[in-house]
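**Q** This is the structure, below, for whatever I ask next.
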């Protein structure tokens, strides 16, 4: 049974251990708090992209509106803690519940749409949310943003400390990866992939396709909400531009560049795009004296090239490389065996 | 009463721009099956390159066709390099590619024209006209006139020329069209070129009223997309009516409810339409797209 | 008596065209019934009405005496009805094993929550699905391809796979939309063999098919449609001698 699980779904523990090791070791090599901030943001954004990978890569449903769910988490946490002094943990849970209810309702309404029209509908949801947080300034602070969101602390441990927060965020990422991989490695994962391949056949096999689509849409929204709460407590200040469609698009790009068919691809893509982003900004400012959003040229270019020539994303490239190395190693071993046998004969 | 006429005129002006964008969407979508998220960027390129041409000393009558042609050429190049080679990929891949294109073009716009808004002089320099108590900007009249002329040209093009009928045939049934010797590959290129030119015209028309920036494309494009959905994805008259309707809805909700929420209302209506009548308000074939 | 499946005056209009025109039909437990007719006779439309993909304009379909019309597609499996598709609908990016495991999905109880936390039910479900899928693969001679991606199989094997998936959860009634289309003679015989085998186990079949030899060999009863109407019904022998049928198939001049 165990072996058959491996055959069916690939390995979980080995890549998970590798990631855990990287997370544990990285702080020793980090020179600046600035890079620490980026690593924490990668963790936070990975939560969203993992959810998107389930939705997009497994169930085949596109969303260009997840910045809105990220925003719901951030604003519920922000408002409840900064204005009403409610416990951040309770606020986080409330954020998740609110997001779940909203995303469930939204999902029921729009997930019958396909492809382009689903993309448009999710964008519309995102735009409406953006306008609402701008407009409801009594609560949200409107365009000037919401300030004074307290940091998190856990059992007297001040998570405001970047190192602690870093470990905290990445442990959540690991838990979410295990949870999501468990889903993928169960009959639910099969249902999601079968929806991707043929909805009518899946339906004919007794699966309420709409129910599953909405469930996975809400799950991914809840991940985004969780990420939003963490983001609000980490940055301690939130403003509408962070929750506009541009961020939804960035998330989609992360997932697609990393490799949409794998949860690991989501994490990889998030890390690559984040570092690329910083790197381009750095090069642009130091060598070309350009500021603003010039990095979007490079972004755009990378998206186009990756989608045209590596539609399965970078994780696929890495996997193939790994397989090549592995098979070369096996061949090497066999060669030696043959050589040894020949030696015996001689 | 006076303000009602005013809202109507403003709505129809903006709506004409949306209609032009929507026609571009319809042309590309029905021929290639792609919804081009980079469509709005054509408006940006059209408007800003027109500004540049004028700044170089070209008269308006030369700058406008030059900008339109440049944008059309860019549309053609984009289709050949980034769309046609991957036309058979999944919808999601194509969506992401056009989003990448949009981002890329916007970035190029940023590098060339910077972040500051540019003004384009209106084509007609005349005093605003008073009509039924409403103040009509001459540019509005110019926009109506242009859209009207374009619609006539498009009608003649689609109905009376061979290329036009071929384009229409490829829309209706690509397989049959290619069997009949119509080159669907060049139709795809043609649809992008046409959509780019229409986008450029839309951008040039709206620029004197709102100013042009490298970021202007996104929302205009999205509105064109909405107009197309309102009108029904597969007919050009529907797209035009959809565009005008969207403009009027925005203008009235801006005037009567709040300008701040007019976009939210427009997209709210879009969601309602997608929910209750996803084939659009004016399409005859029901349930085809499921 | 109540039939397993019964259609009463089933009619479907698309705009001005009547695709199915007041068709009555029935099917008894353990029976194999074929629907034949020239292209555009309304067979596929009728088929889609039976499997709840299309609502009829008027009339209704009953299953075991209860109204089937108006049900959701996903409810059919639990009632014991399953179908295959004219243009194959296998899960291309999944393995043969996974395709069949989807076939027994209705017997599983895992939900998103229990899957995420990997509760005991997940392991139980996976073992159950795996075991049952193996039995099906064994019976359908698909075991050598167990870990092959379905999309990489030959057309004949894909067809076989879709059939196997449709019967994986032991449905009472199996609707087959052109099961033999695109198959060579050997594959056709093999498929006919599977159908006969399952008939012995009490399964019932309703199928649309163009290959007349197969229809004559398999069907207990044949329903002939033309221009949306049922023009004849009977045993293969009766149908072969029916003049109206011959006329519909060969055109007026031939008679």
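Heads up, residue numbers simply count up from 1 along the chain you see.
Glycine too: its Cβ is placed from the backbone N, Cα and C atoms.
TrEMBL labels come from automatic prediction, so no person has curated them.
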**Q** Among A:296-314, A:315-333, indicate the range for which TrEMBL gives the feature transmembrane segment.
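**A** Result: A:296-314 is the stretch TrEMBL calls transmembrane segment.
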**Q** Please identify the range among A:64-82, A:140-158 that TrEMBL labels transmembrane segment.
**A** A:64-82
**Q** Considering pairs 6 or more residues apart, do the transmembrane segment (A:117-136) and the transmembrane segment (A:64-82) have at least three CB pairs under 8 Å?
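**A** Result for the transmembrane segment (A:117-136) with the transmembrane segment (A:64-82) is yes.
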**Q** Apart from its near flanks, which chain residues at least 6 from the ends of the transmembrane segment (A:64-82) lie with a Cβ under 8 angstroms of it?
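**A** For the transmembrane segment (A:64-82), the sequence-distant neighbours (Cβ-Cβ under 8 Å, at least 6 residues beyond its ends) are 48, 51-52, 88, 90-92, 94-96, 98-99, 102-103, 119, 121-126, 129-130, 133, 139-140, 146-150, 220-222, 224-229, 231-233, 238, 240, 242-249, 251-252.
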**Q** Is the transmembrane segment (A:243-276) packed against any residues at least 6 beyond its ends, judged by a Cβ distance under 8 Å, and which are they?
**A** 15, 19, 38, 41-42, 45-46, 48-50, 52-54, 56-58, 62-68, 70-71, 74, 122-123, 126-127, 129-130, 133, 173, 177, 180-181, 184, 298-299, 302-303, 306-307, 312-316, 318
